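> Mind looking over this structure? Questions follow.
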Amino acid sequence: MKKTITSVWKLWAAVFILGVFLTSCEKDENPVQNNEQASADLKEPSFKNYLVISDQNSGSTKAAENYLKSVKGVKIINSIPELGLTVINTEDLSLLNKAQDKNLTIVPDYEIKWIPTAEATEQNLGAGEYFYEVGYLWGIDAVNAPEAWEMGYTGKGASVYVLDSGIDPDHFDLAPNVNTELSVSFIEGESWIVGPEVGFNHGTHVAGTIAAADTNYGLIGVAPEAELVAVKVLSEVSGSGPFSAINSGLYYAGSNGADVVNMSLGATFQKNGKLTDADGNEYKIPAKFVQEIIKAQQRAVDYAVSMGTTVIASAGNDYYNFDGFESYIKLPGSLNNVITVSATAPQAYFPGDYDGSFDIPSSYTNYGRSLIDVAAPGGDFDGPTYGADGILSAGNNNSFYWSSGTSMAAPHVAGVAALIIAKNGEMNPKDVQRQIENTSDKVDGMGKSLYLGQGRVNALRAVTE
């Protein structure tokens with residue numbers, strides 16, 4: 001499904017505050033700033049790592065590497081010839097001008113950041129307690145996952161790569177499904193395994209919603225027998241991750257046969273060139289840089305999809321109508337070949353005593369027909385019974401947390417995608433998306449909804465129709 005590209009990338013972590021805004025322009029718009037302007041802007045935020053973009057073939061990438069090796073003070077960190085992307089470390093800003101003569105573009109390897117808030121709250125587990133049986137896992141019910149399990153569809157044989165802040169592989173609800181051999185980290189100095197000092201961990205929470213195992217104790221995920229692979233692209237300490245890590249994660253997933261990628265992350269660029277980081281600092285971003293970052297990210301997504309990987313991303317928590325904000329673009333949500341997910345929630349939910357809707361658009365979710373493909377439970381935090389209005393999932397060290405956000409919605413869809421692929425075997429990602437959309441419930445009326453896209457996903461219909 002082709003989407004209009006108008007702006008660029010911010011991380012969505014649960015009810016996590018906007019990490020960064022990065023500015024953007026139309027995909028087909030000509031650059032509006034020259035190299036001198038670009039060099040000047042680079043001196044505001046200080047960078048040492050840069051993304052070098054060449055033609056998308058091994059010959060061009062090799063030529064770029066050879067040139068970069070000849071430049072004093074340049075260290076090559078990583079190279080992906082199939083994507084035409086090379087990451088370098090340098091303090092020589094004159095490379096921006098020199099690279100143009102070599103048909104190369106060099107842009108800063110910007111980082112994105114999420115900031116956890118008090119909305120992530122811990123839930124104690126009683127002796128022998130099964131959260132599904134006491135009604136805490138309302139999101140699982142809302143997408144009709146139990147009915148799919150009863151039909152024998154549990155996701156066995158499908159793999160979901162979680163591009164996030166790592167996973168705790170020792171959590172008793174996750175351990176049966178985590179592939180420790182394939183799990184990997186693209187964050188320097190950090191293992192994909194979350195450190196024991198961490199309580200709430202975004203990636204672990206996401207993984208639990210996708211595929212917590214059926215142990216009759218604690219949690220159960222949408223696809224309880226799917227395989228989980230942790231691909232760390234965000235630091236568990238700072239919440240930050242560079243664009244190059246996400247691109248590498250997508251490439252890794254596609255190259256290793258991932259059936260599904262979940263990216264509960266993102267960034268937003270504004271067309272006017274302003275970047276506001278998590279600390280409130282403002283910077284200028286040349287429009288050409290924005291275009292090139294979009295190009296690089298689209299290449300990574302397209303590669304994964306070409307290898308048979310269905311790519312799913314959260315829509316973001318800014319409550320923006322992307323039909324009305326034409327100067328904005330969401331990465332990766334606005335890119336082609338990405339299934340972008342908005343969030344739904346109940347209102348004043350209380351387990352065992354609720355007869356209302358689970359399909360109310362969450363108070364924070366981004367929306368707009370140009371951005372949203374489908375919706376799924378993400379929870380909310382504005383009702384009198386929060387956190388039961390939120391999504392309960394795994395934390396570190398066998399803990400459990402309530403949290404809310406489009407970060408919690410996307411993994412419900414990733415789980416449904418795993419159920420579909422496990423049933424049908426190897427599938428074209430476009431066919432997976434078509435099945436998800438065609439079997440979603442039109443709870444917001446017929447046609448494409450402003451808030452819910454093609455509807456709220458339905459696991460039972462997805463595997464039986």
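Numbers here mean position along the shown chain, with the first residue as 1.
From the backbone N, Cα and C atoms, a Cβ is placed for every residue, glycine too.
Sharing the record's features from TrEMBL:
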type	residues	note
DOMAIN	155-452	domain 'Peptidase S8/S53'
ACT_SITE	ASP164	active site, charge relay system
ACT_SITE	HIS202	active site, charge relay system
ACT_SITE	SER407	active site, charge relay system
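Give me the local environment of each listed feature.
Taken together, the residues of the domain 'Peptidase S8/S53' (155-452) have an average pLDDT of 92.
Under DSSP, ASP164 (active site, charge relay system) is assigned to a strand (E or B) in the three-state scheme. Under a cutoff of 8 A between CB atoms, and with a sequence separation of 6+ in the same chain, the neighbours of ASP164 (active site, charge relay system) are HIS202, GLY203, VAL206, ALA207, ALA230, VAL231, LYS232, VAL233, LEU234, ASN262, MET263, SER264, LEU265.
Counting every protein chain shown, 35 other Cβ atoms lie within 10 Å of the Cβ of SER407 (active site, charge relay system).
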